[in-house]
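Structure, as structure tokens:
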Amino acid sequence: MNKDHTLYCSVYIRNAFFSEIGIGISANSCLLLFHTFMFIRGHRPRLTDLPIGFVALIHLVMLLLAAYITEDFFMSSGGWDDITCKLVIFLHRFFRSLSVCATCLLSVFQAIILCPQSSHLAKLKQNSPHQLSYFFIFLSIFYTSISSQILIAAIPTQNITFVNLIYITNSCSFLPLSSSMQHTFSTLLTFRNVFVIGLMGLSTCYMATLLCRHKTRSQRLQNSKLSPKATPEQRALRTILMLMSFFLLMSTFDSIISYSRTIITGKSTALLCPDSCRS
């Protein structure tokens, strides 16, 4: 009975993982194809089209890697060699970091575009794509240095006799790190998450403030009373706040869980896979 219940739970969790990944791959593929099609048709691109397409591409690669890892976690009998194990886990963590970084920079870029000409940020409008590109490259190098420990810690599971391995998939595991190394990487990851999430939150608040000011000025110029129908500014504000609030909430929750799992030693369990693969 317990075996049947465990098998049922495993199948249920596997289907949930693949459904989530499938929805993400479909959505990002459609978004990327849409922007590619618009570019091929010769439509004049907006300033945000290239960053949005780039974010969709990063998410697509990350989700494809996640599908490969999930397949090995639930279905494979363990067939990765040392190079495949290190490369797949490293690339997945790297692209997940780029996903958070690119989404944050997209939020900053949108805030710069919306800023009025009288703002100090208006000077950055023309050069912002280049400056944000340099900043993105810097963060990519920083994330690579943080994730480099995977190239040492990740090993294939076959023919390994270590007791305290942290199992990632059926084919790949993590060697236990020393307490000082764990706290070092946890501190770096926490600093990264606090910085990126904080910057995204500030950008969201700035955009919300600009939209509220624009709505107030429009009503004053038109001498109109509040209409029960939502204005374009209100709809844009609700959309921005809803999306960013959800992203910030999930990122914060994921960071807390990842940090908590990292500082707890001696608990080698397969449930560490989502946080170990995505941190």
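Backbone N, Cα and C atoms are what each Cβ position is placed from, and that goes for glycine too.
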- Hey, in Swiss-Prot are Phe17 and Pro156 both on the same membrane side? yes
- Note on the structure: Answer for the disulfide partner of Cys172 (Swiss-Prot, candidates Cys85, Cys273, Cys277) is Cys85
- Cβ neighbour count (10 Å, all chains) around Cys172 (disulfide bond) is 29
- Message: Can you break down the topological domain 'Cytoplasmic' (181-187) into helix, strand and coil residue counts using DSSP?
- Response: 7 helix, 0 strand, 0 coil
- Task: Work out, from DSSP, the number of helix, strand and coil residues along the topological domain 'Extracellular' (71-93).
- Result: 16 helix, 0 strand, 7 coil
- Might you confirm whether the transmembrane segment (20-40) is in contact with the transmembrane segment (50-70), defined here as three or more C-beta pairs under 8 A between residues 6 or more apart in sequence? yes
